[in-house]
Structures are given as structure tokens and as C-alpha cells.
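Step one of this worksheet: look at the structure below.
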Amino acid sequence: MAKYSLTNRCLLVLLFMAAINKAYADDGYKLWLEYNKVSNKQLANIYRQQLQNMIFPAQSDQLKAARTELLTGLDGMLALKPRDTKRTTNGQTIIIGTPRSLKAFSITAPDSIGSEGYLIKTALVNQKKCIIITANTDAGVMYGVFNFLKLIQTNQSINKLDLSDHPRMMYRVLDHWDNLNRTVERGYAGSSIWNWHKLPGVVDQRYIDYARANASVGINGSVVNNVNADALILSPQYLLKVQALANVFRTYGIRIYLSVKFSSPVELGSLKTADPLDPAVKKWWADKADEIYRYIPDFGGFLVKANSEGQPGPQSYGRTHADGANMLADALAPHHGIVMWRAFVYDNKVPDDRFKQAYNEFKPFDGKFRDNVIIQVKNGPIDFQPREPFHPLFGAMPNTPLMMEFQLTQEYLGFSTHLVYEAPLFAECLQSDTYTHGIGSTVARVIKGDFNKKLITGMAGVANIGTDLNWCGHPFAQANWYAFGRMAWNPDQSPGVIAADWLKMTFSNDDSFVSPVKNFMLQSRENTVNYMTPLGLHHIMGVSTHYGPGPWVDNAGRPDWNATYYHKADSAGIGFNRTGTGSDALLQYAPEVKAQWENLQTCPDEYLLWFHHLSWTYKMRSGRSLWDELVHHYYVGADSVKQMGLTWDKMQGRIDAERFTEVKQLMQVQLNEATTWRDACVLYFQTFSKMPVPAIYPKPQHQLDYYKKMKFYYVPGIGGNNYMTN
Ligand code: BDP
């Protein structure tokens, strides 16, 4: 046997190490569909035993895609290729399909699971033990397959299965704020994934992987362009591109929607007006709808931002939101499309309290919209702040479908450098009680249509997706996309369960990893509230870019863009008085909610400064003064980021080196930014309170002026040549 020289041996060792490193590198592209090898050998063998044969006749594109997914997953996790058969033979079999595609087996699916639900169960077929995945439709089968794969991804037993699930809402939609020039409004993960220039000729693999990821969590709709819409999207040239995307999405049960500009008939059609009651305008939209459906027979419909932040709308022609939405709804109705009409409105007349505007404009139209209109309402009354009370419209329009709008992209939650798991934010809003139909009328129940079965239902998430290798900029931001899908499917699911599933599917089933990381994920949103906007502060970020702290902003384009409009700090105290002695916004809630929040004895600390202006010496529940409490929250918030970093350090070696290192670096950036937020805000508010920062806390590194003068160049998310903040 030839002897290796020392150099040769070294070379071999190096090669071996490079191979290991490679196996351990993971750029995060595969999201939660990693399909990592099941590391528990015994468990893997049991799975292999149970999945020896497969009966999965697949005629349609959707069933073919589901079949491919199943085989990819089993190959990755178990290195298994089940024997493809037509009837049960020796060994255990998995049988997959609709009652129609599985004619030979007299399998049934109950009506109760609807058109998208599925069953996964263990049963005897021809005296042989089998696993059956079935549904009324191909889409249901696909959801069943993804959920079956999840069982293996999370190392569950598949021995005695009896699962059934169905979505609680009809429209589960991602809203992309993507511009046609590929910038993404409030996008922090690179450019738009839609390469409009190369479409329709080039259909990127990314579109397929995007659709797979969505289908795996039950998302069934995608609005591909920005709500600040470009009329061009409705031109034939662009419709061809949209059609190419729709063709990819269809296979995965996803419908495509477009954001439309209300003035499109003028800009594209050369009409003189876009007045929704003008017969020529109505005809233009009806013709446009017919044209779109010729390209895309299952087109979903329109998303509209009208009369808000300078966008045109029916009010530009003296008409109402109902006039505008209903006109578009009539154009889409023959094709079964819907209109998602946004309630995020604020116009040029600055109101005494922007909080109240959407309610004031929409409440009078309750019950006045067509059946295929759904009003898309942001979770809170201002604008996706780290913490907001639920939007009063959720308790105010019992005869109108209301679609929840959450923001996955972290415009106000630290962009893509801060680890913020948003499911607790979603759950907090969804489980809030509107009291509109008595105790227990949660926002979740309202949007599910529990109180009015005739209404269409839905939830939208403003996407956090871009061209970054890992899609979302921060490996943990993927969890927000994932959690959104899970909660749109069933808004009552627990953030902890979802986080654990996501961690197992994305990283590892090792409990010494999953438990501590899940714990800090669940805490992460509260951390960020603490170091940015504790005790009910809101809208105190940098102007326009929304990056970094800007509590001093007082000279923005309009009063309600200023931080000072919202915190109202003065020598007497801090907070926005929205009780009867102030703007009285609380009147927009049910009496029970109003009573709780207007009374200082019952208003939770979390919402305090949303509704009250209080003196700096006001005594808090903790016994501290309001000033000391505020300072305490800022310091606890920043410190919790440090603690999170220390926990993460212990995870080294438990997951791949690439993502471990990336997250470690991001956590350091987050800590620096959290410290800046803390010091800038404490120093600024101190100019009003004139009270000392308790000596137990470290001193800020700089003077207030330093923070006020900080400049940030080319901040992501605003496109164009806007490069600076405050
Ligand atoms: C705000 C964003 C702005 C959006 C707007 C909206 O700052 O870029 O266009 O919401 O939702 O949060 O329309």
C-alpha cells in the first residue's frame, strides 16, 4: 500500500474539512422546506417502514407538483424512494389523492373540510395498513402533502394518524409593495423578485420556489405590485408578464391580484376623468377586467389604495369610497374577482387626530359595499407601529367584510437587521376583544366572519421578500412569512407552536436548540417595543426613511408626520390624550373597550401613552414614576438584545456555521441600534422631564445633539435617490 507523504495527508485533511464545511454551509434559500436528513436513525427507519409503497396517481399539474414535493421531501429526509404502485401490496402504503383521482379505492372526503381542507389518516385498505391523504380538491391534497411532510420534518409519529384541517379564511394573501423598476417600497431584502424586464420570456426558478413556500403554509393569493400603483401594470405589455407569473402560481393554488391606480382610465385609456359614476369610466374598467381574464382566467382581483397619501380616488371626483369600490367590484363580478379596498386613508386636511380618520370615513358605509368587496384594515389605527391597539374599525362594521392587513416587512421593527418574531404581535391584535357582539368578540372572530356568515373573509401580509439569497434579509425574518401563512389559515394558532415548528423545519429538531431559541423569539417583539416605543409611545422614528430614532422630528411635510404630534412631550408630561378631554378617539370603540382604556386604573401599561397625557411623576403600577418607568423599559429593551446574543452564542455547532455566523453578526448590529434608540430617546425626553437617569444605568455614550445629527445614507426601502434621514 502506497504511503502518503505528510503533505498529501495534510491535503486530504484539508479537502475533508472543506467538504464538511460545505455540508454545513446553508444560505437559507430553502426556507422551512430544508428537508434535512432525519438525524434520529431509529425514527428514520420507522418512517421508511411506514412509507414503503406509494399510490399517488397525478393527472393535474397541481397533483403532479404535490407528488414531486412529496418525493423531494422523502428523498431529502429519509433517502427514500417509495415503490410506486397502483394497489396495496406487501409492506405499508401511503395513498394520496382526491376521491376522484383515487376512484379505485372508494375513499371519501367530508364536505366539512371544504374546498381547501384535507384529511390525513391511518386506515385499513384491502386489509393492509395504509396512510391516506385526501381532500375534495387538488389544492386540498397539496396542503395535505405539505402538512404530512411537516410531520416528518418535526419528527412526529405517523403511526396512528387522524388529522383533519381546513382554512378559517378564504383569502390568504401576500401584498408585495414591489415597483415595476424592481425597487421595493419598505423592502429590506434586496430588489423585487419579479424580474419584469425578463418576463414573460424567463420564468425564474425563484417564482416556483416562492409558490411552493406559500402553498406549504396555505397562502393562496399574491398581489405582485405596490399599492402605490403604476397604471402601466394594466397595459397589455405588462399583463403578458403578469400572466406568466399567474401560470406558475396556479400550479400551487395561488391566485394573482394586482394593485390598481384609480386614475388608470385617464393615464392608460386617455379618458378625461376617472369618476366612478361616469359611464365611460365604468365601461373602461369592465372592458379591462374582461381583457385581464382573457390572459388569466383565474385572476383574483384588485387591491386599491385610494385617496390616501396623494393617491387618486373617488373623492377626487366628489364620490365616496363605496362608489369607487363598487364600480370596480361590478367590473370584476362577472368573473368572480374581488376588490380589496384599503382603509389606510389620510388626506391632505390634517385631522385633529389621524387615529380617527379611517373610522370616520368608512363607518358610514357599513353594509353599503358589494358582496365582492372586502375592506382591508391595518391591524392598528396609525401605521404598523411596534405596538398599536386594535383598529376600531374591527368593531364597527358588522355588515362589511374586513380583511386584516399585517406588515411582515419590518418598516417600524428594525428593518432586516433586528430579530423580531411578529406572531405575538399578530396574536395580540387577533385575540383583542372588540365586544361588538358581547364578550369574546375577538378580532379573529370578526375577520373569520363568525358573526356574519355571508361575508367573504381574509388576511393580508405586506411581504418581506426580496432577491437576497435568504429571501427576507434576516434568517429569522423568514419566520414572519411562515407565521403569517399559518395564522391566515387559522388565526387562533399559538405563536409558540408556530415558532417551534418553524425552527425544527428550518434549522434542527435538537431541543437544546429549539427551546432557548423559541423563548427568545417569543420575547423578541416585546424587546423591540421596549427599546423603541415603550408604554404606548408611537411614531417617533426617523422621518420618511423610518430608520432609527427621531422623537425630535417636528418639521416634516405635514403635522401628522411629526413625532412631536404623537408623543406630545412637554414639561408637564408625555402622551396623546385620546379620552373625552382630548381627541376622544376612544369613542370609536365599544363601551367596554373605551371604559377599560380611558380609566387609568384599568388601562394596561402597554397602551398608556396611546390614550393618556400623564405627568412625568405619575405613579405607575410598579411604584416607579412614569419617567423612571420609561427609562427602565428603554434599558431593559436594549439589555434583552444583549441577553439574546449570549443565548445565541451557545448555539454554535448546533446548526450550520453560515447561518449561525450571519445571525450572530446581525445581533451585534441590532444591539448597537437598540442602544442608539435607547440613548437618543432617553436623552431627548429628559429635556422635558428634567429628571435624572437612575445611577444604576450606564451613561449614554454621546450627547443628544450627536444622535440628532446622525445621517444615514441610502437607507433601503424608499427607492429613488432619497438618501438621507432627519
Ligand atoms: C406606510 C408606508 C408607506 C406605504 C403606506 C401604505 O410608510 O410607504 O405606502 O404605509 O400602507 O406605512 O400605503
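Heads up, the Cβ atoms here are built off N, Cα and C, so glycines get one too.
Features of the protein shown, as given by TrEMBL:
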- Glu309: active site, proton donor (ACT_SITE)
- Asp383: active site, proton acceptor (ACT_SITE)
- Glu411: active site, proton acceptor (ACT_SITE)
- 31-148: domain 'Alpha glucuronidase N-terminal' (DOMAIN)
- 152-471: domain 'Glycosyl hydrolase family 67 catalytic' (DOMAIN)
- 472-695: domain 'Glycosyl hydrolase family 67 C-terminal' (DOMAIN)
- 1-25: signal peptide (SIGNAL)
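Feature map: annotations from TrEMBL on the structure.
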residue	record	Cβ contacts under 8 Å, 6 or more apart
Glu309	active site, proton donor	Asn228, Tyr346
Asp383	active site, proton acceptor	Phe344, Tyr412, His539
Glu411	active site, proton acceptor	Arg186, Phe384, His546, Gly717
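DSSP gives Glu309 (active site, proton donor) a coil state; it is part of no helix or strand. When pLDDT values are averaged over the domain 'Alpha glucuronidase N-terminal' (31-148), the model yields 96. Shown for the domain 'Alpha glucuronidase N-terminal' (31-148): DSSP residue counts in helix, strand and coil, namely 45 helix, 25 strand, 48 coil.
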